[in-house]
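Colleague: Annotations per Swiss-Prot:
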DNA_BIND  574-593  DNA-binding region
COMPBIAS  186-198  compositional bias 'Basic and acidic residues'
COMPBIAS  199-208  compositional bias 'Acidic residues'
COMPBIAS  209-222  compositional bias 'Basic and acidic residues'
REGION    178-222  region 'Disordered'
REGION    380-450  region 'Sigma-70 factor domain-2'
REGION    459-535  region 'Sigma-70 factor domain-3'
REGION    548-601  region 'Sigma-70 factor domain-4'
MOTIF     404-407  motif 'Interaction with polymerase core subunit RpoC'
Amino acid sequence: MEHTPQSQLKLLLAKGKEQGYLTYAEVNDHLPADMVDADQIEDIVQMINDMGIRVYEQAPDADEIMMTEDSTDDDAAEEAAAALATVEAELGRTTDPVRMYMREMGTVELLTREGEIVIAKRIEEGIYTVQASVAEYPPAIASILDQFDRYEAEEVRLSDIISGFIDPNAADIAPTATHIGSDLSQSERDKDDSKDDSKDDDEDEEEEGPKGPDPEESKERFTQLREVHENTLKIIADKGRGHPEATVALFEIGELFKEFRLMPKQFDRLVKNMRATMDKVRVQERLIMKLCVEQAKMPKKNFVKGYTADESSIAWFDTELASKKPYAEGLKMIEPDVRRCRFKLDIIEKETGLAIASIKDINRRMSIGEAKARRAKKEMVEANLRLVISIAKKYTNRGLQFLDLIQEGNIGLMKAVDKFEYRRGYKFSTYATWWIRQAITRSIADQARTIRIPVHMIETINKLNRISRQMLQEMGREPTPEELAERMLMPEDKIRKVLKIAKEPISMETPIGDDEDSHLGDFIEDTTLELPLDSATGESLRNATHEVLAGLTAREAKVLRMRFGIDMNTDHTLEEVGKQFDVTRERIRQIEAKALRKLRHPSRSEILKSFLDE
């Protein structure tokens, strides 16, 4: 009877407890043959030692065993069980990517409805922090207001700018009918899923949620934002950014702006612009530090202390220049370059209306908000990976591997996390199912075929197949393209085109015949090669032509060769041949006519007559 790895380890531990020690040879004999990782073996030996069973290179003497303190006690069985469980976990390791993914996914606990709301609030808080920070960056608000002006000029759609507005005073769970269906039994869910699966490939992509923001409310909100923005700029211009009134105004515009639910494209654009400004600042500051520390040999500690004391002026540099310190002479040599960098920083401050310290503070708070939202989104995604797998299982054997289906489903899950609105009352899984299923079905339509077909054409093919099946049931026969065109209200030529596209490619390795000893590719003509019959006929014609030309004079033969391109790359005109022989065109025509008359003689033409049918 063959022992399992677990039973082998149990025997090993029992033997060790009985004799009080083990040798490395005994440990190796009881380990699985496929365990060759030195780290794993060392971990097992360490666990055996921790249980009070010493492991030796060779069997010790009886005296040495007596001197060794017996550390095993009543808890030895429990320790052995714990160690064995750890060892079994080690033995259960696999290199199969699906199993590894499942094991890692299983370590994350599922979320309750309350847990989802907590994480959704953290995501919202992170986004709020970013938007409130960006609101203090004057070009950002001006950019959004400019986008709204373009909407009013009918250059862009309102739905390209915002998706709606957030009411911070709304309840966490809106008392709406969206709860209906979230408590279905598992069997009812399975039935619904099976129905949806049959429709997924046939339906066009639908929009989730409301169709778009309310134009009247949007106009009112943007007008309010414009007024607050202009008032804030006026206060800052009159009293300075550090004035208490300016602080209140900045807080007010931040609170107002974070209620705007910006479209991801707009949100990313604002963050990117702020990042670009911060990058410009960093470039100049790094250049100043490089000049001072590396070229002028100013101690880095002194530079950091002086520069950070007042980042909006160059007074620190003038102070260091006036000092009698050893590096003052070096600073004097780089003074033009440092002042040039400071001038560029002044331009950035003028363009943004912000001091360098304020730009850094906004960027810092924005980064904190992004990190908070990113961590919360990661938690939400990891807690719902099981949902992706349960949906992906229903789409196997459709042209994509299971891991690919999981990956595509995970992309849909991440989209669902980005768009999830917990205030509507949906449980996240109810909302995410649509996005996961949509991502998977789209990927199957886009990637499953050997020859890629656009998604919109896949939808047309699915619709055509569905109607074709219906007509087959109604008429008892396959419908004609004309009948399909009439039923689908489409031109007949388009129906024929769709039918042609819908054909599945067949492998050239498909077995043919009862014995399956030949393949489909063996019966396909290779048009790139010349047929043996044509090759033999051409060679015979070439030999016959050379034979009859040999019966002419050298001049006549050459004229015919040039005129008809025999053994040459191309044929020649009378004028070209005349230049070759230094005679007139008429003379060449006469020579050609005479040579052809000779070839028409039965003694010569008989050789070529058999090639006329070829």
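Backbone N, Cα and C define each Cβ position, glycine as well.
Just tell me what is around each of these and how deep it sits.
Modeller: Per-residue pLDDT, averaged across the DNA-binding region (574-593), gives 89.
Break the region 'Sigma-70 factor domain-4' (548-601) down by DSSP state and the numbers are 36 helix, 0 strand, 18 coil.
Same-chain residues lying 6+ beyond the ends of the motif 'Interaction with polymerase core subunit RpoC' (404-407) with a Cβ under 8 Å from its Cβ atoms: 101, 388-389, 392, 395-396, 440, 443-444, 447.
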Colleague: Taking residues 6+ outside the DNA-binding region (574-593), which of them lie with a CB under 8 Å of any CB in it?
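Modeller: For the DNA-binding region (574-593), the list is 555-556, 559-560, 562-563.
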